Structures are given as structure tokens and as C-alpha cells.
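Structure, as C-alpha cells:
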């Protein structure tokens, strides 16, 4: 083989071997080299596409012709690029041997082996740096004939004779001990005894009596016999005394019997037992072993050369050299290519415009679009945007940079700068096109961040995530594997459910609170919680507790840590989160929010009061009698006037009246008072507010309301009305054998006695309301009835005035009732009596035909007008006390004639001996004035009112009068011939206001109008007078 080929062969073998180095070898380093490549690139080039149709009339303007179209087509070109790549080589002090880098000793180890760069390990019997000397201890020199000049049995180097002084002795001859305050090899360390002396060899402190401790920093307590010092060990710098061995275990960075000696260069860790692995001049920290690389190198072992474009400590500096120049990685000095010089390699060796070895060839570049030409070959350097051999061609579209040879080829998310085309790489990538990952131990943007991993193989170039060794987690690999992983590199997945963690060594699951089982797949049983489900729930009213924290899950209506508190008033539901909507003092159930209303209210939200007549929590019916009302909350009865007792069922006791029966009656001569308004009901023959006045002349009877029938100037008995005739006269009036025709007419007491009329008018004017009540009370007291009655009286006697006749009515015309209007009456009979006179136009249409009496006497029937409705339905049953219906009819009879026209079945026809009047229709109010007496008895004049509901309205309960509880007793037959039919009456204006309220739901009826209010529908019935007749029988109902 020729000699020129040998160097090439060795270089090829070296490159081949360099390519086979193992990158995981701790002694393998890397460097960057540049290389050029010729590639075929594609780019778009614009072309003008001419139109296919010719321009037919170009003279009309170019805008009328079809225009060419610009299209882009892909073309290819050859480009030469310079790039850099990372290559492996053995670190400084090492060389490659069979694929591995082994240490290199500059001097061959004669009788030993090279264990580190320039460090030999000699076999026994040999000494020296290269293990070539066999001098005995204490001798040195080539012939081993020179004694060492080292004292205290110190050894010396067998070649140089330099003494190796042990700890505590000063060089060069090891004869003098260390200066006080210093210790160790070559006396290079200061004592750490707080001013106290130390052992020159070990550095152990000699503490005074009052202090103790490894560094004399613990004070002793003084006693009677001196100082008492606590027992301490002698290990310094955090060393731990090992009792079994009786020695100190030193922390990282320290060594020696008491841990007083720092680690020598090249060692680190506990007891300095670990060897440093830093290359290329890097130093390791004696505590952590982390390498501090020399400028120009990086990596955890300082094995990598700084990337191209970076230099300095930890490759943190950026090179500031021309694009084609490289910088020295240690200090950043630029390494210029041929033809350039200067700190940045930007200065041309040739003057501008020339190039070549002698700088005599002129440049051919377009000066306007170029920078210059290369000083060696004359190649033009075009300004960005221009290309061509002479920089006179503009760059095609989508190209940039000098010579238009660059495309934005930024990979892995890199962004291309619009002006220069430089790529701003994404984190973890570097290079012109962001094609390369960050160098080892660097990551992030521009690979500027240093990895901080411990116990790791490498770190991610993107985010610095460490690839850890077995049992260590990601991050800086200083703690166990993260949750969910275990094993080598934490690549085994934990089989633990519900966020449980597993042991980084064994993978055993440690369950989170609330779960148990081999894989933490089972929830805690009900009633248990916490880690291992070992805790039991402490809840009162709950559906269990949270399996993790044990928080009680309260049932609706409960709250508190233990669900032991009921919801506060006004709240309800789960966690008492709902607000009650109960009104009027109602409360809600904490479980479901249902309202519990306060007494007197009802409804879902207690929004409605109890209906009238009801009270209490459930609006139960009131227990109050006689139409009294009760308090809606507690049901207390409020009695109407005239009633008393807890339930208002007891009438006022005799002699009392009014609300709560608190008033005392003021009635005399045996008169009784009305229990509601206190008005006196006088006995026969007495009148006045307090029954203190006797009947005036010409009157008699109850309240002196009946006129005497004894003739002018004659007296009558004030109680019975019997005439007190003068001698020679008898009868009533005091005339004998005089037949007077009967006249049906309205009469007043004035018609028979002027003095009585004047007194009657005065009494009516002053006591209208009282008279009504007195009359009703008197009737009740006289007859023992439960209801007041309407009376139709007969009156004999003739008054001057117009006559009226009641036309005959066939016998079949029976059972009539009236409509609400004024009507006129006529009297008719088969044998009409003498005509009767009625005064004035009041009854002008009524006639009085005479009718002879029959065998049994006169049978006079007053026939109602034709507009009174005919009623043929069967008579109803007995009068219902619960009904207030009033039937308006009119009939009278005092013989065994055809019977009355109107009969409701309450009185048999043969028993009917008196006229009957009742009211029924829509008419809400009716009055009957001046009821005349029947023949043969004293006359009575009275005033009464009747009320009843309108037809078609629901029946209403009649008022319960004060004497309704009395037993009915048969009354002596009055000779007045008056028959009374029960009907609900209103006594006076005051009693109207004292009536109990209507039942709920009934509107006020027409009959609730004030009495004697002459509105449409009011009418008066004229009194009727008839000839004397046999005494009538009365039927009590």
C-alpha cells in the first residue's frame, strides 16, 4: 500500500469506529460538524396563460379583449445546502477501543493499569506515577539511593522526592505540626470549634469545661461540683454516629473519622465514596456530584460540545459570527472561512469589487441588488429578494433569502420570519428548519433551559420532563413514581381504581378514602367511610354519610354536622334549602314544606281565612247557637243581643236584655221586656215606654191599640174592651137592635175616638219601632206562639166615603195569590149586606154589594182581583219552621160556606173562622195598617211588617225569636175574632240590625230592605170590616 493511502485509511477507520460508539457510554462525548448536501427542491413559478380566443376588435381598447391569466406551476431546482450534525467521539482523556472509550494515560503505566486519564494503579511492589519505580519506602531517585527528607515517617515520591505529609503536618518536610486553628492534609482546613483548639490530624474539637458538642456549640449547666455537660458524639458536619461500628457515617461531601475532611477532587457523595464522572475539564460538586462543565461543553457529564451557534458556560451564549463562519465553543471566537477576517468574519480580505488570490479580479455583481462578491471565488451575494449569477433576477414567489434559494421549511411547528426566513422553533427543537431536537440536558424554546433531573437517564427536549430510573417519578426524579405508575422508569400502570395510588416498587394499591379492595374497586359499605372504610358514620337523621369525608347526608327536614338539628322555622327540605311559603303565621313541615296553618286560616299556603261559622286549625264548625258568630282562631262565641252562655244557647234571664244580658228591664205593671232591645211589652190596659200609662179614653187592649166599639162618648174596659154603657143602653156599641151594614175599609183609632186617635198618632210618631216589637211581643205573650202572626180583623161600622164592591167570584175560583203591586179589593156575597162606605179615592174601585145572611149567618168572601194568580196545586204540608217563604193570599170566612179562597192545608175549612192574610211573591216588603176587629169584640189597630225572600231564591232560616223556647200554651179565646197565621216578622228598625248574619253564600234578599221604604213593590193592604158573626174558632199552629 502506497504511503499516501495510509492516512486516508486511518481516517476512514476512525470515522467508521466513531460511528459505532455507544452513546450510552459515560466516556463518550459529542461534537458538531458541518456538511453540504445537494438537493432537488420544488417551488412555484408564475406563468402567463394567453387566452384561447383572439381579440376581434382591438381598436375598441385593450379592456375589451380577453386578458392573460397568471397560473403557477411547480418547478424543480438543484440547491447546495450547508448543515450541521452531531457526531460522537471519546471524551478528552479517553480514546476508542473496540467500541468503547477507555482512559488515556500520557505516560504508560509500566507495572500497573490506567484507571483514569493520567492516573495509574500500580501492582504491589511498584510505585510512581507510571508504576515504574521499585524504590523502598523512604528512598527515591533513579537508583533509589536518595533518602527521603520527610519527618515523622512520611513518604516521598520515588522520582521527585517530594514529601507526602499526613494530616497534621506541614509541608514540605512534614516536620512541623499544623498551626493552631488548622488541621488536615497540608494543614489546609480551619478548625470548626468556635474558637477552641482542634486536633491537627482529624480536626476534633477540644472544648472548654463550660461547652461541649462536636463543634463546642452546646453550653453545659453549672452545678455545685462543676459543669454538667450532656453526652454528645464527635461527628461533625451532620455526621451520624453509628453505635455498632463506633464510627461516624458522613453526609455527602464529607469524609474522615469525624466527618471533618471534605471530599478530595474527583469524589462526592456520602463518605466521598462516589467517583465523579465529569469530562472535558468539568468539575463535580462534592455534595451532589453534579458536573459543572467547562465553557464550551454541556450535558450532565459535560460530554456534549455546544451546538453550532452557541458557546460559553453551559452553552448559554449565542455566537455573533458571519453566517458562513463558526465560533469557538469555549469563548465564542469566530473561525472565519478563507477570504474573510475580523472579529465576526465579516471583513473581506480583498477590497470591495475585487476577488481572487491577489484580489485583482473585478466582481460582476449588480451593485444595487448585491452585497458583494466572495473574496476567493467571486460568487455574488445577493440581497434578500434577488437571485441569479449577477443578482439581477428577482426571487420567484414563495422564496426568500439571498439568491432566492430559501423556502420557509420550518418543521415541527416552527414559524418562519418574513424578512429573513429564519425559523423560530417550537420548544424542544432547534436548527435552521427546527428539524433537530434540543441537545441532551437542554429543552424548551431555543433549547435554552437546562434539565434539572436527578436519577434520570435523559430529559424531554420539549418540556424538560425527566426519563427516570426505576422507582423514580417524572419531574426531577427525586421522589417516587407518580400516582398510577410503578416499576422501572415508572412504565408499569397501577391497577388501582378511584384515584388510588400504588407503591412505586410493588404496585400495591393504597385506597383513597371511601374505597377498599385489592384494586380499590369496592365502595365503603353503608355506614362506613374514610381510609380503609375503618370509620363509622356518626349521623342521626340521615341516609348515610359521604364515604370519603364522612359528612352526613341529611334527610329532608334535618341539618347540622350530624343531622341532629331540625330545620329552623321558615325553612324545609334537603339541607333546609327551601323557604316556607306559609302565610298568616302558619308554619311548614320541615320534611315536605306542607303548611300547618295557624288557628283561623286554611289553604295550601294558609292564605285564606276560615269561612264564616268555622274556626280553629282545621276550620271546624263553630258551636254557637242562635245565629251567633265565633272567633276564627279560638272559637269563642260572640252572642247576639238577647242570648248568653258559652254557646249562646241560653236566652237572657227574666228581667235582663241586650248584649251579654247586661241590661236590666225597666217595665212596670207586670210588663216584660224584649230580650234584644229591652222594649217593654205591656200587659192589657197599659202603654208607654215603661208601661206606666193607662189606656187613653177610647182605647183598650195590648198597648192600648184597640179602639173601643161602644159609641161616641162611651167607655170601655181597658183590658177587655167591654163597653160600659149608660143606663138604657147595651151592646157594643151601646145601641140596641140597630143593624148596621158592614163596610170593608181601612180604619184608624181616630175614626172612633178623636182623643184616642190623637194619642195613637202621637204614640206611633214617637215609638214606631217600639210599637212593632211590643205588638209582636204582646201577641206572643197572649197566644203562646213560637212565631209572630199576621192578623186580619173585622170591623163593623160605616164610614162616610166612596163605596167599593168586591165582585162575585165563582166557587171554583179558589187558591189565589198576588203579584207585587197595589191591588183593590171587592166584597161579594150571594146576599149582599148594606153597602159599606170607604173614604176617599184610596179604594175607589171597590164595591160593597149586599148579601143576606144564610142559615148559619153571613158568609162573606172578599174576592181578590183577577190579576191575582190562581193556585190549584195541592196544599203543601204543615208550615216548615226552617222556611221563610211567605205566600201572599187573602181569605176570610165566618160560616160553613164554601170555605176560604186560599188554603195551604194548615187549617181545615170547617175550622176556619177568621180571615187569614199571608204574603208571598217577589214583593220584598209589605205592611198592613189598621187591622180592624171582628164583630162582637173590641177593635184593634196595629202595625206590623213582614219580610221574606224573593221567589226563586233559596229558603232562609227564619230568625229565632226570644220566646221560641217557651212551650205553647192554649190561650183563651179572644172575642175580637182575630185569627193569626204565623209568619216571620221584623219588629222594628233596631231589631233588624240585631239579627244574626246570613248563612255563608246567601246574598241579601229583597226582604232585607228597610221597613216602610216605599220603593216599587211595596204596597198596603186595606183593613176589612164585616158584620157581626158568631164567635170564631181559632186554630193554634
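Positions of Cβ are set from backbone N, Cα and C atoms, glycine also.
According to Swiss-Prot, the features are:
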- 29-91: disulfide bond (DISULFID)
- 90-101: disulfide bond (DISULFID)
- 105-114: disulfide bond (DISULFID)
- 235-248: disulfide bond (DISULFID)
- 250-259: disulfide bond (DISULFID)
- 272-284: disulfide bond (DISULFID)
- 278-291: disulfide bond (DISULFID)
- 315-327: disulfide bond (DISULFID)
- 321-334: disulfide bond (DISULFID)
- 619-630: disulfide bond (DISULFID)
- 667-680: disulfide bond (DISULFID)
- 682-691: disulfide bond (DISULFID)
- 25-103: domain 'EMI' (DOMAIN)
- 102-132: domain 'EGF-like 1' (DOMAIN)
- 268-303: domain 'EGF-like 3' (DOMAIN)
- 311-346: domain 'EGF-like 4' (DOMAIN)
- 577-607: domain 'EGF-like 7' (DOMAIN)
- 152: N-linked glycosylation site (CARBOHYD)
- 271: N-linked glycosylation site (CARBOHYD)
- 476: N-linked glycosylation site (CARBOHYD)
- 575: N-linked glycosylation site (CARBOHYD)
- 634: N-linked glycosylation site (CARBOHYD)
- 953: phosphoserine (MOD_RES)
- 1029: phosphoserine (MOD_RES)
Report task. Looking only at the domain 'EGF-like 1' (102-132), report the model's average pLDDT. Result -> 85
Query - Chain residues outside the domain 'EGF-like 3' (268-303) and at least six past its termini with a C-beta under 8 angstroms from it - result: 26-30, 91-94, 249-255, 262, 311-315, 328-331, 439-442, 451, 453
Query raised in the report: Out of these disulfide-bonded residues, 91, 291, which one has the fewest other C-beta atoms within 10 Å of its own C-beta?
Result: 291
Requested in this report: Using C-alpha positions only, work out which of the recorded positions 29, 152, 271, 272, 691 is nearest to residue 259 (disulfide bond).
Outcome: 271
Report task. List the residues of the same chain that sit at least 6 positions away from residue 250 (disulfide bond) in sequence and have their Cβ under 8 Å from its Cβ, in sequence order, or write 'none'. Result -> 235, 237, 239, 256, 259, 270, 271, 272
Query - DSSP-derived class (H/G/I helix, E/B strand, else coil) of residue 114 (disulfide bond) - result: strand
Query raised in the report: Does DSSP put residue 29 (disulfide bond) in a helix, in a strand, or in coil?
Result: strand
Query raised in the report: What's the CA-CA gap between residue 634 (N-linked glycosylation site) and residue 90 (disulfide bond) in angstrom, rounded?
Result: 108
Query raised in the report: Which residue counts does DSSP give the domain 'EGF-like 7' (577-607) for helix, strand and coil?
Result: 0 helix, 8 strand, 23 coil
Query raised in the report: Highest CB neighbour count within 10 A among the disulfide-bonded residues 29, 272?
Result: 29
Query raised in the report: Counting other Cβ atoms within 10 Å of each Cβ, which of the disulfide-bonded residues 321, 334, 630, 682 scores lowest?
Result: 334
Query - Cα proximity to residue 630 (disulfide bond), best match among disulfide-bonded residues 29, 105, 248, 278, 321 - result: 248
Report task. For the disulfide-bonded residues 90, 101, 114, 327, work out the Cβ neighbour count at 10 Å and name the residue with the minimum. Result -> 114
Report task. Determine, using Cα-Cα distances only, which of these disulfide-bonded residues is closest to residue 334 (disulfide bond): 29, 278, 691. Result -> 29
Query raised in the report: Taking the Cβ of residue 691 (disulfide bond) as reference, which residues of that chain separated by at least 6 in sequence fall under 8 Å from it?
Result: 667, 668, 669, 670, 671, 680, 682, 683
Report summary line: Counting every protein chain shown, other Cβ atoms within 10 Å of the Cβ of residue 284 (disulfide bond) number 23
Requested in this report: Report the nearest neighbour of residue 278 (disulfide bond) in space among the disulfide-bonded residues 29, 90, 101, 248, 284, comparing Cα positions.
Outcome: 284
**Report entry** Euclidean distance between Cα atoms of residue 575 (N-linked glycosylation site) and residue 476 (N-linked glycosylation site), Å
**Finding:** 46
Requested in this report: In whole Å, note down how far the CA of residue 152 (N-linked glycosylation site) lies from the CA of residue 90 (disulfide bond).
Outcome: 44
